[in-house]
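Annotated in TrEMBL:
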DOMAIN    15-339  domain 'RNA 3'-terminal phosphate cyclase'
BINDING   GLN106, PHE295, LEU296, GLN297, ASP298, GLN299  ATP binding site
DOMAIN    186-286  domain 'RNA 3'-terminal phosphate cyclase insert'
ACT_SITE  HIS321  active site, tele-AMP-histidine intermediate
Amino acid sequence: MKMDSAAVEIDGSVMEGGGQILRLSAALSCITGSAIKITKIRAGRSTPGLRPQHLMGLQLVSDLCSGSLQGATIGSTDINLTPGKIQSGNHTADTQTAGSVCLLLQVALPCGLYADAASQLCLKGGTNAEMAPQIDYTVKVFKPIVEKFGVHFDCDIRLRGYYPKGGGEVMVTVNPVKELQPVTLTERGNITKIHGRAFVAGVLPFKLAKDMSAAAVRTIRKEIKELYINIQPVQEKEKAYGNGNGIIIIAESSTGCLFAGSALGKKGVYADKVGIEAAEMLLRNIRHNGCVDEFLQDQLIIFMALAKGTSRIRTGAVTLHTQTAIHIAEQLTQAKFTITKSEDELSSNVTYIIECQGSGVVNPNL
C-alpha cells in the first residue's frame, strides 16, 4: 500500500470531464498500483460529483484490487483510491438503476487482465442504455478488436435491461494475460458486409422493430448500393426486463475493421427516426476511411497504453473522449502517444494515426 502523499492527483474536470476520467484513472490505479486522488469529479455537469453508476464502478474496482476507497458517496467530487493486490474470482456490481453494465465492464475488464486467475464479473443494470455502448456493441465490435491485443473475455447476456428500470444482467469471464500485444490497424480496406438487429422488448409492438429496420436499410441504400444489408427485426422474449426498443447496425471491412451505428427509442420518437439515426451514425463512421469508429477510438487507448510495443491506429477526427483518455493514460503510465494527421491525395478524407509506445505492463500475479 502506498501512502496518500504519493497519490497521483487527477483533475476530474479536465477536457471531457465526465465519468470516463473516473473509469480510466481507477482501472490504471488498480493495474499500476499507484494510489490516486481524483478531485473536481464531473464538475461541469448538471449534476456534479458521483452518480450511482460511477460509485458502483469505483466500488467494483476497489473490490477487484482489495483497495481502500475514501470519499465514495453520491454527489462527492473528491475520492482517494489506494489499490492492493488484484483479486481474481467472483465479483458482483449492481447499479440498481439503468446505469450501464457496459461502462462497468470498461472499468473492470482491464483490471481482471492482471489478476492471478480468471475473474467472473456479474454486472447488473442497463444493457441497452443511453449515453453508453449497447451490450451488442461491446460483444460484436469492441470484443473482436480488443482480442487483437490478447484480451480474452466471455460475455453471457442473462437478461437485457432498459431505461429507466434497468434490471439487466451479464456474466463476464475475464482471463488474465502476462502482457498485452501492440496492435496495428491502419488499412481500412472496403466495406464488405452490413448487418444488424432492431429490437423491441416488453409491451412494445413488433411493428416498431420492422419499421426501424426498414428505415435504416433505406437510409444506407442511398449511399451504399452494392451490398446486401440484413437488419434482423427481433422481439426480445423471456430474456428481457422492462420495455425498450433500439437498433444496432454493424459494418465489416475486408481487413477486419468493424464500425457501428446505433440508437435507442424514446417516448414520442417515431421508429423510422430511430432507424435513420443509427444508419446515419454508421455512415458517418465509415465515410472517413479510418479503421475504428468514434466510440471504439477512446476505448482502445487504455489497451494501447498497457501493451508492450508500438500500436498504431487510423481514425477519423480524434474525439474529446480520446484526447482525455490519452491525457489520463500518460499521467498514470509510462506510455507516450502521438497523433499525426494524414491527408489522402485521392480523396478529401483526412484521417489521423494515433501511435503509442506502450508501457508494457507485465502481470506480476501470473
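Just so it is clear, glycine is given a Cβ too, placed from its N, Cα and C backbone atoms.
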_Helix, strand and coil counts within the domain 'RNA 3'-terminal phosphate cyclase insert' (186-286) (DSSP)_ = 34 helix, 38 strand, 29 coil
*Using all protein chains in view, find how many other C-beta atoms are within 10 Å of the C-beta of GLN299 (ATP binding site).*
23
*Cβ distance under 8 Å to ASP298 (ATP binding site), same chain, sequence separation 6 or more: which residues?*
GLN20, THR319, HIS321, THR322, THR324, ALA325
*For the recorded ATP site formed by GLN106, PHE295, LEU296, GLN297, ASP298, GLN299, which further same-chain residues have Cβ atoms within 8 Å of the site's Cβ center?*
PRO133, PHE142, VAL292, GLU294, LEU300, ILE301, HIS321, THR322
*asked:* Assuming the binding residues for ATP are exactly those in the record, GLN106, PHE295, LEU296, GLN297, ASP298, GLN299, what is the maximum CA-CA distance in angstrom, rounded?
replied: 13
*asked:* Suppose we draw a 10 Å sphere around the Cβ of PHE295 (ATP binding site). How many other Cβ atoms does it contain, all chains included?
replied: 20
*10 Å Cβ neighbour count around GLN106 (ATP binding site)?*
23
*asked:* Test of understanding: give the count of other CB atoms lying within 10 angstroms of the CB of GLN297 (ATP binding site).
replied: 24
